[in-house]
Structure formats: C-alpha cells, structure tokens
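Chemist: Let me begin by handing over the structure; questions about it come next.
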Amino acid sequence: MPRGGESLDLTVWDRASGLSRGPRHRNAMAHLDSEVKEECLREDLRFYFMNPCEKYRARHQIPWKLGLQILKIVMVTAQLVRFGLGNQLVVAFKEDNTVAFKHLFLKGYSGIDEDDYSCSVYTQKDAYESIFFVIHQYHRLKNISLATLDYGENEDNIIGLKICKQHYKKGTMPSSNETLNIDSDIETDCTNLDLQTLDKDPQDWMQSPFFSLEFYRLLQVEISFHLKGIDLQTIHSRELPDCYIFRNTITFNNKAHSGKIKIYFDSDADIEECKDLNISGSIQKNPQYVLVFDAFVIVICLASLILCTRSVVLALRLRKRFLNFFLEKHKRRVCEADQWEFISGWYVLVIISDLMTIIGSILKMEIKAKNLTNYDLCSILLGTSTLFVWVGVIRYLGYFQAYNVLILTMQASLPKVLRFCACAGMIYLGYTFCGWIVLGPYHEKFENLNIVAECLFSLVNGDDMFATFAQIQQKSILVWLFSRLYLYSFISLFIYMILSLFIALITDSYDTIKKYQQNGFPETDLQEFLKECSSKEECQKESSAFLSSVCCLRRKGSDDPLILIN
C-alpha cells in the first residue's frame, strides 16, 4: 500500500520485450499510434486525389480504368456508327413507303401535307370519291404499286379493309325555323370488305346502306388495312432482309362540321422475321460477328461498371474515415464542400453510361435477331451513353491546367445559373401563356403552348424576328397594338437584360477561376489537412520516413483496399 504523500506508480509487464512500461510510455505509444493513423489517412487521401499518371509514378499502379475507358470509347463509338447506319436505312424505308402510300390511296394528294393533315375535301361528292378511291386502290394494289407489297391480316384476322364511321346517334337537318335536333351520344358502325367482296361488282358494295352518309351528323370515317413489305436493300450489306407489317389508317375528320373534311393518313410499321425466305448468293445468313462484337461491348462496359462502382464504394469508406478523424481531432464537422469532394461526378456519369450501353446493346442484339423492333428506345440509350462517354473525356483533359478552366468555370457557375434560370423561367412562362391566349387566334406561331415556347426561345436567340412581327393578322387593331407591345417588351427584357445577366454570371465565374489559378485557390479543411505535414521541415526530416514505413507495415497487415483506388 502506498504511504501518504507518495504517488501511485503502476507498471505494466510487457511479455514480448520482458520490460516494464509505465503510464508515460503508454501515453507515448498512444501518441505515436495516433500519428501513424493520421499519416496513413493523409497518404491515402493524397493518393486518392492523384491523377492516373501521378499514381503510377507514386506506386507504379497501372491505370486500368483509364485504359478501359479509352477502349470503351472506341468500341461504343464503333457500335453506335454501325447501328446508326442501319437505323438510317430503316427510317428511310419507312418514310419512303409512307409517302408512296399517300400517293397511292389519297385522291388528289399533291405531295405536300396541309398543316398537320394530308389533304382535305369540301363537297359531298369529293368525300364519296375519296372514300371509294381508297377501296379501289387497295383492290388493285399489286397491279399498280412499284413496291414489293402483299395483303396482311387486320385485327379481326381478315385480309381486307375495315371501315368504321362515327356519327351522332340521331338528328334532323336544320328546318325553316332554324332548329337543329342532335343527340350527343356517339355511335360507331363498322364493316369489313374482304378481297372476295371486292372481286364482285363494285355497285354491290357501293350501294350498301353503310355508305349512305348523313354529313350533318357524321363525325369521321376511318379506313384501316394492313400491308406486308420487304426491305431488300440490306442484301447489299450481306445481311438478311427485313420484313415489315404496315398498319395504315386513313381518317376523314368531320368533327368540326366547318364544311372542310380533313384527311389524315397514319402508317405504323413493325419489323418481323421473314418466313419462307429463300435467297441464293453469297449473303451471310447468320451475322454472328455483329452479335459477338455487341457481346464484347457489354463485357467491357460491365467491367467498367464494376471498377467504377468499386471506386465509389471505397471513396465513401475513405470519406467516412476522414470525417471520423476530423471530428475526433478538431471536434467539428467537415464542411459540405469537402464532403462532396469524395463523390466523383465522373464516376457517376460513367456508371450511368455503362448501364445505358449494356441495356442498349442487349436491345440491339434482340433487334438484330428480329425479336424486337423498338429502334427508338435503342437509339436513345446508345446515343445518350455515347454522349456521356465522350463528355467523360473532359475529366482527363482537366488534369492539365490549360484545359481545366472549362470544368472549373462550369462547376462554379452552375448553382448561380440554375437559380437565375428559375427566376427567369417564371417570366418566360408568363409571356408564354399570355402570347398563347391573346395572339393564338391571329398568329400561327402562337397556336399552342409548345409552339409559343419554341417561338419565344427563337426570339431570344435572335432568330426569325421580322417574320414573327410581320405574320400577325391585322383583323383587330387592339390585338395588333398589343402584339407590338408584347414582342418589343419580351425582346428588350430577355435579350438586353436577362441574357446579358446570364452571360455576366458565367463571365464572373470565369474571372474568379482565372484569379484563383494565378494567386492560388482558397484552402479548405481537406486541403489544409493534406498540406499540414508537408509545410514542416522537421516533420519531413525526422518523422515522415518512419511514419510512412510504419503506415505501410500496418496497411499490409490489414484488409483495407483503399490503396487500390484508381
């Protein structure tokens, strides 16, 4: 037992060294362990924020992701170009057939659509002739068409025409006392004209009560039929041809009852596998090399996805280590800007791009195998993924100070620009609604909200100004004066004020970045932590080598894979 006034001096026996260690020695060991832990974290952070070349010089770590991204750019671009060339042939074939169908089945079609419809008729005689013209042309299609076409089955599994008419349930013509009786309930009557019926005397079906139209209560007549076609131009590229099912619909719209029946032609095409196809010659019937190439692209993107996802996970772990250390040492949290430094937007962009490329490549393989026909979705996925891949190249250019100005300026100005656009967007929407409701009846560029928004956006960029002023109809002096006030105020406000302020925000951010590059960027908590030891010569001379060696020994004995971040 210690005597009064004597201090209690406890010792701990170290079995490994055979020496006794007191409290001072234990405190020194704890301090040394804390320094080693801090130095390990600092080295991992420095290595994480290095570019691939610096990582290779520091630890001879091969930049696998960099090489994989370069290879992926080449493969994805080649895949997109090949798919785009094939897609162009498909789109051109569909558009050519649609134009051919309009000339075949629409009486008096001039070759140019009238607004959003194909053509129009103004008399009952023209309406009957246009309807019967469609039926006659369908009947003798094989004798007049230049294309390789055949009849197809409609939804009712019938080879022929399906004709439906919609009309009000009942009504009477306006009488001498100017009254019109109409029941607003709508009835739909349909009939099928198959090839056997069309082979008979035309007077038999033309004089049918179905074709006795009461135009005062007629809403629309719809004629639908299916045709089969084959695209033989793919043979030139040594591929099997595509077979198409064209679902054509011709609509005679009389809903407005304005004395003008608008005729709409709509054609949807589905690609299907050609059956009983016998083509001789040197055509390659199994283009497996294309499927192998697509599979190779999927493997590359999958490897890139795994590596980038792994880097994001390890970066989040490193972020957690730094936050815990900073909170333990300085008793406060790291600022939000430093926390976001660990989340690389480039990795997120690459992950999204890889996912879209993988899904798009699978759809492309299914289209090639004639199991799917959705070219549009595949085009959106492959096109957007290629866009992201090429945008990701900016990351590697950003390692050079001369090319880094664009990235830094965009990062600095983006929050301010978004807030500015949110305010300017409210004014823009106000002008959009006002122009639509006031000028819509008098100006074709203000007929609906979508067209108004596009017109105003064109005016902001200085496009087609005089035509917008000149096309306003002068039927109402009040509306004409309002249109001048409306257009002058919008152009003055957005071009001379809002657009100038928008450019000023970006210019201000650019000037700030240029000054920072000359005088140095303001240091954050993370940057001060990374430079803390490098500014002390004594620390470098005495403890850096020892702590680094201990840090490496500790890392070898642990399972921490953070040093593998590329």
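Using N, Cα and C of the backbone, Cβ positions are placed for all residues, glycine too.
The shown structure was predicted, so the numbers you read here are calculated from the model rather than taken from an experiment.
From TrEMBL, here are the annotated features:
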type     : residues : note
DOMAIN   : 90-275   : domain 'Mucolipin extracytosolic'
TRANSMEM : 289-318  : transmembrane segment
TRANSMEM : 339-359  : transmembrane segment
DOMAIN   : 378-513  : domain 'Polycystin cation channel PKD1/PKD2'
TRANSMEM : 379-397  : transmembrane segment
TRANSMEM : 417-439  : transmembrane segment
TRANSMEM : 485-506  : transmembrane segment
Chemist: If you run through the domain 'Polycystin cation channel PKD1/PKD2' (378-513) with DSSP, how many residues end up as helix, strand and coil?
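Modeler: Its residues fall into 116 helix, 0 strand, 20 coil.
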Chemist: Using a Cβ cut-off under 8 Å, which residues of the same chain at least 6 positions beyond either end of the transmembrane segment (339-359) come close to it?
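Modeler: For the transmembrane segment (339-359), the far contacts come to 48-49, 69, 76, 297-298, 301-302, 304-305, 308-309, 311-312, 315-316, 318-319, 322-323, 381-382, 384-386, 388-389, 391-392, 395, 526.
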Chemist: Which sequence-distant residues neighbour the transmembrane segment (417-439)? Criterion: at least 6 residues beyond either end, Cβ under 8 Å.
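Modeler: For the transmembrane segment (417-439), the sequence-distant neighbours (Cβ-Cβ under 8 Å, at least 6 residues beyond its ends) are 446, 448-449, 452-453, 455-456, 472, 479, 482-483, 486, 490, 493-494, 498, 501-502, 505-506.
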